[in-house]
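Scroll down for the structure; my scribbles are underneath it.
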Amino acid sequence: MTTISHLRKWKQQQRKFTSITAYDAAFARLFAEQGIKVMLVGDSLGMTMQGHDSTLPVTLEDMVYHTRCVRRGAPSCLLLADLPFMSYATPAQTFENAAALMRAGANMVKLEGGAWLADTVNGLTARAVPVCGHLGLTPQSVNIFGGYKIQGRDAVGADQLLADARTLEQAGAQLLVLECVPVALAERVTHELSIPVIGIGAGAVTDGQILVMQDALGITGDSAPSFAKDFLAAGGDIAAAVRRYVQEVETGQFPAAEHSFQ
């Protein structure tokens with residue numbers, strides 16, 4: 001069973017690790033068999049599985065259902081599950097919803113936001129619910145950002161993101177996802193935090209990498225983000241593509257410069 005202790009050890013050893021989104025038992029089993037030890041049941045399922053144009057319509061019930069499916073397929077992986085949009089607006093709501101995801105099989109819940117979430121993170125941790133933070137491009141805030149844009153490019157934004165990351169760690173977060181930020185900022189955050197940092201569109205400097213499974217397998221086609229790579233394009237079956245993904249992350253080949261933001 002992969003645990004957060006393994007990820008901490010890998011960070012200390014500077015050993016890169018690979019993660020991916022998963023939404024059903026069949027793909028979760030295949031991913032686990034190819035060596036992926038960390039999976040995320042992301043609210044990205046609203047776009048990849050349900051056909052919405054954002055993650056906002058996803059419900060807690062959706063997340064619970066897919067978390068159960070993935071856990072059945074990959075019983076030994078470290079499994080993260082997103083708390084969906086507006087499911088952590090109050091302390092009571094947050095604790096109840098996080099408990100539902102944990103009962104469904106999650107090892108950790110992920111929520112989007114900065115320092116304003118400190119009390120929430122602290123409260124969850126005190127109640128034995130491990131927390132993964134998510135900074136940078138946070139898709140639930142798409143209407144605030146005015147679209148899916150790179151974050152932290154100016155000095156003010158970069159300093160704020162770093163401060164948010166420190167605050168989340170101090171509040172008890174055990175893991176952090178960093179999305180769509182410049183490589184230099186990702187390097188600062190990864191170096192300054194003692195907790196593992198997983199990047200997506202954040203360069204090869206983070207402790208681990210994650211991709212949406214449809215992007216990694218070329219299913220999204222022309223709509224795939226620039227930081228993604230189609231690992232199925234080189235030929236072979238899905239299992240071979242996943243093995244390439246794992247191998248390229250662990251050897252530092254992915255993400256390359258063309259998959260990163262300067």
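Note: Cβ is positioned from N, Cα and C throughout, glycine not excepted.
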Exercise. Say Swiss-Prot lists Asp43, Glu112 as binding Mg(2+): which of Asp24, Asp62, Asp82, Asp154 is in the same site, per that record?
Worked result: Asp82
Exercise. Given the recorded positions Asp43, Asp82, Glu112, Glu179, and counting only Cβ atoms in the protein chains shown, which has the most within 10 Å of its Cβ?
Worked result: Asp82
Seminar exercise, completed: Should one count Cβ atoms within 10 Å of each candidate's Cβ, the binding-site residues Ser44, Lys110 would be headed by Lys110
